[in-house]
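For reference, TrEMBL has these:
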type	residues	note
BINDING	230-235, 249-255, 274-277	GTP binding site
BINDING	230, 249, 251, 254	K(+) binding site
BINDING	234, 255	Mg(2+) binding site
DOMAIN	220-377	domain 'TrmE-type G'
DOMAIN	220-436	domain 'Guanylate kinase-like'
Ligand code: GDP
């Protein structure tokens, strides 16, 4: 993606459709000049940055709308260019006509993510922060919001930048040695370099491991509900999801599809896998379903195993539990149909420390949610730990790590300085990919095309 910073872009910044107000944004060298041509009110080109002005947008004698215009003069703006934000009445007719008018007067329609791309190219944001803007806009739960917010405000960028700077120093020292190769000098202290690399690896390890949690926080904790046919899986699923739907469907504009199989427990999203399969009451734990079950369980981070003491006696349930344990993922044993159990049965099953519920009567379902939260034991996001939630970042971190392993090998073994320098450069390259010190057009295209127009 190339950028012609000499042109001025325009797009609607608020959602499409009627609203009380709509905000149209222009960015570029002529943003203020173009707006001024069609604005009747104060002379915008003579106003200070960060001021708001009332007036009308006109096409000839025709008043299109009464508007408020906010001015942000370069470089004190999101994109570091001149920005104008026009707040108009939120009719799609008005919005369309104002945008067309701006285009006729010299602006160009913005491409997806182009405002944020400019912010990145002009140094207002690094790449991981720009990506966080997209995540922030897409965030739908408290945790995904906090995660994106942290990353946008800098996250691990500064930590990586600091380590990268130190590594650059060593790389240039080693490259300097190459210039004096005849003289067998050593400018880069190998002991210090080794220590730095070990330090960097420690940080990388921490960030790479955090991805597991970060990803789950962003995309939801994948949960599988398993159990023999007729134990009450779909009843439970409905009990879990219905309540959620009732809450969410009250919020105007939320579509059912997006919340179909998710519940939000105190800000953490749990995503139920294969709910269609469960609804068809397919056998997901018995022999014939084993392969499919394994597939599902592999995707899950948590297994809710539902047992039915009416169908199976204690010994059978105990046996099933052993099978569940063999999957080696966190699980919760839930004994359903509590309403049908005698006090003696409850006492007997208590040995297995299950959670007793009655899915049909909605008994214990809230407690089940709390237990899900306890089991995933998500780190408190208020802590200062930063988390990686972006697959692109974790891949770059892993590649950096691999290159550093080679550097370490090179330090401890008789490897020529030029190879050492190459491996250091390689690790620098991958580190730089995260924050955007190293970019390619494809990478930028890929990231920014996922944004909406106007962002
Ligand atoms: P699945 O095959 O595991 O999905 O099981 P279903 O959810 O279809 O439930 C099987 C049967 O058990 C249905 O008739 C449900 O009404 C019944 N059932 C589910 N939960 C309970 C419960 O807590 N108590 C009682 N008495 N019946 C239940």
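These residue numbers are counts, starting from 1, taken along the chain as shown.
Cβ coordinates come from backbone N, Cα and C, glycine included.
As the structure is a computational prediction, the values presented were derived from the model and not from experiment.
The structure, with features from TrEMBL marked on it.
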residue: 230; record: GTP binding site; Cβ within 10 Å: 14
residue: 233; record: GTP binding site; Cβ within 10 Å: 26
residue: 234; record: Mg(2+) binding site; Cβ within 10 Å: 17
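If you average pLDDT over the domain 'TrmE-type G' (220-377) in this model, you get 78.
In this structure, residue 234 (Mg(2+) binding site) is part of a helix by DSSP.
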